[in-house]
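Written out below as structure tokens is the structure these notes cover.
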Amino acid sequence: MTDDMHKTENFPPDWLLVESLDLEAQGVAHRADGKVVFIKGALPFELVSANVHRKKNNWEQGVVTAIHRESSQRVQPGCPHFGLHEGACGGCKMQHLHVGAQVAVKQRVLEDNLWHLGKVKADTILRPIEGPAWGYRYRARLSVRYVRKKGELLIGFHERKSGYVADMKECPVLPPHVSDLLLPLRALISAMEAMETCPQIELACGDSVTALVLRHMEPLTHGDLALLRGFAAQHAGVQWWLQPNGPETAHLLDEGGQALSYDLPEFGIHMPFKPTDFTQVNPHINRVLVSRALRLLDAKRHERVIDWFCGLGNFTLPIATQAREVLGVEGSEALVARSRQNFKLNQALAPVNKSLAATNFVARNLFEMTPELLIQDGAADKWLVDPPREGAVSLVQALAELHQQKLDPIGHPPIVGAVGWMPPKRIVYVSCNPSTLARDADLLVHQAGYRCSFAGVVNMFPHTAHVESMAVFDLEV
């Protein structure tokens, strides 16, 4: 904000006019001398006072102490554990902002990142994908800690900017049946001999089963195992998993029972998974996300599609209902094996007149891709790319190198197999980090011969500052 804009507002010099929110959901303001001030708890267009607790040459950071002019988008938080008070939960950052305004903030973050970091502007902004604002979080990692000074055990997320566990009795972003388990879980773990050696419970909800993965540092006694079994018997749909070491050691307490799974009914896909597998936190949004991604991909029955970072096949299997041939590429051999199992299961379940396309899966280190490896996986008409937060820079860099070699074969070393290899005419990129999306978009648009046709946000995590998004890149003819 310029000095002139400050002068148009007649307010005391120590008051701050908030202009926007940053990626941590802090209000961003400027002092009259241009210094940036980040203010926790402040919203855009509010006039506030702040207690500054950190100062640098070019910026300051503080906490709002008074709101002199309130935003029309400020709302009452839906959770008693949210806020700036001591002991407040750090799981959510934006409950004080109307959910529609949260989406607008995330859309601005996406567009700002694309332009300022990648010098890319989408031809068309997609309508945001939105869903339920509460009860959406079907995956969570809850910390468990016995506090000797208080003589009590706590289960919940960490406190805001702290390693301490918040004293949570409920959590409205969890499904109600899971939120209702928080206090019973406290009582359960408090009664166990292993109370002080169980640091974490990871939860994963399927369509009909809730898996609780108990991380335990020491072997559990017969008495503790009996308590876990009794808890599961009292709470319908609860399934205990035990994890003595890393995620790969997680196993069912008792074999049998219903498998953890979710469905993508639009495509007739059934997806079994383990609680330690990566699946989307928000199943409601995931269904809409897959549907939109496939509409944008627009795979035809004569086309070959590659799904990079395919995981368990969340996109791969729906694509197989539309394309001629699909290749799923993933970094983990174990995940590739599981993807193959999921494909075989769905192939067996599919009606004769709706059989899945020929689908293969390969393991590949997607953070060390080369043009030669890209060629080895074969040309495809279209790509779907769904990377982790680190993005897909190695993949798109390899694509850019092939494009540059084609444009200037004399100025670039020859690439074995490049002759006859064709780049995908469309790429649908699903991102969980707008800054790495912008970096990869820069490569695709300015070095690989694509334009950004569409971009938009996906509100996968309401009330948090996490920005999920989707962009479509089309090859320039």
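Here the Cβ of each residue, glycine as well, is placed from N, Cα and C on the backbone.
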Site-mate of Phe309, Asn314, Glu330, Asn365, Asp386 for S-adenosyl-L-methionine in Swiss-Prot, selected among Gln280, Gln404, Gln405: Gln280
Asp386 (S-adenosyl-L-methionine binding site): nearby recorded positions from Cys79, Cys89, Cys92, Cys171, Cys432, Cα cut-off 10 Å: Cys432
Secondary structure composition of the domain 'TRAM' (7-66) [DSSP: H/G/I, E/B, coil]: 2 helix, 32 strand, 26 coil
Number of other Cβ atoms within 10 Å of the Cβ of Cys432 (active site, nucleophile) across all protein chains: 20
Sparsest Cβ surroundings (other CB atoms within 10 Å) among the binding-site residues Gln280, Asn314, Asn365: Asn365
C-alpha spacing of Cys171 ([4Fe-4S] cluster binding site) relative to Asn314 (S-adenosyl-L-methionine binding site), in angstrom: 27
Max pairwise CA distance, angstrom, over record-listed S-adenosyl-L-methionine binders Gln280, Phe309, Asn314, Glu330, Asn365, Asp386: 22
